[in-house]
Amino acid sequence: MPYSSKPSAEPGITTFDAFVQRADYSLMDTLNADPDATSDGNDHRARQVFSGHFVPVTPTPLPDPEYVTHSSALFKELGLSDELALDEQFRRVFSGDLAAAQEPMRQVGWATGYALSIYGTEYTQQCPFGTGNGYGDGRAISVFEGVIDGQRWEMQLKGGGRTPYCRGGDGRAVLRSSVREFLAQDYMHALGVPTSRSLTLYVSKSETVTRPWYSQNSHYTDPDIMVDNPAAITTRVAPSFLRVGQLELFARRARSHAHTTALEELRMIVSHLIEREYKSDIHQNLAFADQLVELAGLFRQRLTALVANWLRVGYCQGNFNSDNCAAGGFTLDYGPFGFCEVFDPEFQPWTGGGQHFSFFNQPNAAEANYHMFWKAVRPLLADHAEALEQFDKIRSGFAEAMQQQLEQMWAAKLGLTEFQPTLFKQLMQLMSDSAVDYTLFFRELSHIPDAVSALKKSFYVKTSPQLDEQWQSWLKSWRDLAANGGDWAEVSAKMKQANPKYTWREWLIVPAYQQAMQGDYTLVKELQAVLGHPYDEQAQAVEDKYYRLRPSAFFNAGGVSHYSCSS
Ligand SMILES: Nc1ncnc2c1ncn2[C@@H]1O[C@H](COP(=O)(O)OP(=O)(O)OP(=O)(O)O)[C@@H](O)[C@H]1O
Ligand SMILES: [Mg+2]
């Protein structure tokens, strides 16, 4: 299982030499390179890429890179020793200087093109050429691929400089967004939600890039100032970075007969997806058409489970387009995301995201992405009527499969063996009426209170006696259903596994990246430690600081309660 957290059986890799020995580039060796690309990877200007699966490109090194942090948990899983993060060559490579890489690792990385669809509508205008041929990894560059402890991993720099897909952007990511992405990825993993993983974070001590952002105490919706930010590079790790949008790019080309090998390139990318993300679940000796049917079922299963998990933990992706939807069924692109504090089914922290990508709409957004996956892969089944029928059936069953996942998830959050629609509906209403803090509420409920007073520490508003009465009667019905023959300890323990105690509270993250911008990484590390164990009780001091309602000063606060896409 690619996502399970298991310590490596291998002795730790302590040297850069030992690390590079694991390099093994099956992607670069089996997929097609852009035939127009130069082999040295010196390819940093926006241009159209007409065919091929990847463009060889070298990252632009961060000048004067400084180590900020690394994920000990992932290092452990990969069998890497913690000291490696401070190794000179390792630091150079993961801050973008591939000249420090040595055989069998290569001194050139790769970027990939992808297409964009929003809620099932295809777009090409985000590409500067209006064709879709200039859209893709504009600042994400993969630099390493290899097998570690039996699992194949790809390592990708985010903010690694311009690629042919940069669309006029600078190819950089700022420290603010990099700290957020690094911490959030680590946190999602600790929550048990499938995700790309954080490896390392380095910052430049001399390069800054300018971005629109919010002034202190701004209440504006949109950024009101330009801010210089240190440039940073986070490295993320996954079995692949294939997105639904990537399959779409090749399907669009096949559909329009853009070139003679377009359909073949689609087939290649889909079989690459199976190899990378589904190999252990799909029998290699099945006919390819049958493998595609399996793929459709497995991706549906993973995607619906993923989105149910997002709702369970209060996560809103913010911009769940097809190009932010990993075809392996895990969370990808932590830019416009947020975690729900005050319960609101329409919670959406990203000002550009709109209601359609809001908290409780994510199952619909997922279905739209799944539809685009289905549409992209379908041409490969043109000559296989029987497989096609099954494939289409899986597509049309999406909504029902999603509903089942959601019901299971809500039942688990409520400590019930079965979903109870009426009880659930009443609860949603009460949660809204009392403006509950999503995380505090479910965690307090996990103590199985019999009086509403015990839940009030999770309310943002003072409740009326009538509302309290409704709570009392709801609590009684709920306790009757959850009773489990009176073994409350077991119910409570299970609920605590579904309801984390510690969540992402943006107002507690802001000071960490602000401090990091001054060169102090203490709070980043503190957050890593706290968010690394979200279901645990932890020390009293941690509870006092992190298990709290959002203070009123942070409502309607630019950069805290909402933000523009913060790249
Ligand atoms: N500063 C930048 N320079 C070049 N390209 C950029 C820059 N910022 C974003 N892009 C590109 O614009 C597109 C949309 O941006 P978005 O914010 O969704 O992605 P991202 O956060 O960079 O990427 P990812 O989805 O890889 O995590 C992406 O293809 C991204 O590579
Ligand atoms: Mg993106």
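Quick reminder: no glycine exception, Cβ is built from N, Cα and C everywhere.
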* Asked: Per TrEMBL, what member of R236, R252 joins G136, G138, R139, K158, D170, G171, R243, D333 in binding ATP at one site?
  -> R236
* **By Cα-Cα distance, the member of binding-site residues G136, R139, D170, R236 nearest D323 (active site, proton acceptor)** => G136
* Based on Cβ atoms within 10 Å, give me the single least packed residue among the recorded positions D170, D323, D333. => D170
* Structure fact -> Per DSSP (three-state), D323 (active site, proton acceptor) is helix
* How big is the Cα-to-Cα gap, in Å, between D333 (ATP binding site) and N324 (Mg(2+) binding site)? -> 6
* **From binding-site residues G136, R139, D170, R236, the one whose Cα lies nearest N324 (Mg(2+) binding site)** => G136
